[in-house]
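One structure below.
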Amino acid sequence: MTIRIAINGFGRIGRSVLRALYESGRRAEITVVAINELASAEGMAHLLKYDSSHGRFSWDVRQECDQLYVGDDCIRLLHQAEIQALPWRELGVDIVLDCSGVYGSREDGEAHLAAGAKKVLFSHPGTADLDATVVFGVNHQQLEREHRIVSNASCTTNCIIPVIKLLDDAFGIENGTVTTIHSSMNDQPVIDAYHHDLRRTRAASQSIIPVDTKLSAGITRIFPQFVDRFEAISVRVPTINVTAIDLSVSVRKAVNVNEINALLQKSAHESFRGIVDYTELPLVSADFNHDPHSAIVDGTQTRVSGQHLIKTLVWCDNEWGFANRMLDTTRAMAACGF
């Protein structure tokens, strides 16, 4: 049975989800029946076709009134500001992928359900009272039919959680710190402008900018045993895509670099195939653009201090990798039944 989805919010993640669906050959499994976005239909079509990070879309795109054509597929375009006004029941929507970045509460999810959707998947962490928060490859097997309002966590949570699990299972993590080196985002100005966060008043292209992050909360939502044992900071850097995460953990078992890299490399080919990748090539952030993995471990940067302190560097395309996991989680939710 084909899964009928709607995309609410057609920004960086929403467009990446649609492009990933077509580029990954999953159209036989998932059909996009509608997209809701306040922007103009013309602008939606243009930004789908031409993308500064991911290049020109390989599929033919055209727009006629409030219909978007991708190849021969027709997708209805909506411009509703209120969830309650969305025609999900009329369109037979199975799962709404809410990529707006605005909504994320249980109340928001229930509004989508009241509008006729059978299930909802948020593209960011959401509130703690959702039915489930999923990091695909780590805990998606815990999804149940009754889980109707689900979060796909965040791009950085999806990146670091598999690596934390691997290190903890093998060596026993005592505690850890995480530094996210994140590309610029659309809440930063091109030139200095007002913002409630004074650091984010500054031009995105001119500085490395510390910002608040809830990544430590994201880690403990998936692994509650690490409450009060992980801390995280984040800086934004003047690139438009791809993120690096510096993970440092103290472990109980004495280890060396070769043991760590052997574990991570093996997992990339076996238990986490398609989710985690591993490289020892001398690559830079641009080389991971459009990479569909949640995490790419850079084995050249693995370090051990005193046999118990591990440092690793993990890359991710914070747009494309996450968009692919949205599709994976969508399939997993549908497989549980409606």
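In case you wondered, yes, glycine gets a Cβ from its N, Cα and C as well.
What Swiss-Prot lists as NAD(+) binding site is Arg12, Ile13, Asn318, and the listing cites sequence analysis. Sequence-distant contacts of Asn318 (NAD(+) binding site), defined by Cβ-Cβ distance under 8 angstroms and a gap of at least six in the same chain, are Cys155, Thr156, Cys159, His182, Ser183, Asn241, Val242, Thr243.
The substrate binding site annotation in Swiss-Prot covers Ser154, Cys155, Thr156, Arg200, Thr213, Lys214, Arg236. Around the Cβ of Lys214 (substrate binding site), the same chain contributes Pro125, each under 8 angstroms and 6 or more positions distant in sequence. In this structure, Lys214 (substrate binding site) belongs to neither helix nor strand by DSSP; it is coil.
As annotated by Swiss-Prot, active site, nucleophile applies to Cys155. Following the DSSP three-state reduction, the secondary structure of Cys155 (substrate binding site) is helix.
The Cβ neighbour count for His182 (site 'Activates thiol group during catalysis'), using a 10 Å radius and every protein chain shown, is 23. The site 'Activates thiol group during catalysis' annotation in Swiss-Prot covers His182, and the record cites sequence analysis as its basis.
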Requested in this report: Pop the Cα-Cα gap between Arg12 (NAD(+) binding site) and Arg200 (substrate binding site) into the table, whole Å please.
Outcome: 19
Query raised in the report: Least buried of the binding-site residues Ser154, Thr213, going by other Cβ atoms within 10 Å?
Result: Thr213
Report summary line: Within 10 A of the CB of Arg236 (substrate binding site), the number of other CB atoms across every chain shown is 23
Report task. Give the number of CB atoms, excluding that of Arg200 (substrate binding site) itself, located within 10 Å of its CB. Result -> 19
Requested in this report: For His182 (site 'Activates thiol group during catalysis'), name the DSSP secondary structure in the helix/strand/coil scheme.
Outcome: strand
Report summary line: For Ile13 (NAD(+) binding site), the nonlocal same-chain Cβ neighbours (under 8 Å, six or more residues apart) come out as Cys99, Gly101, Ser123, Glu319, Phe322, Ala323, Met326
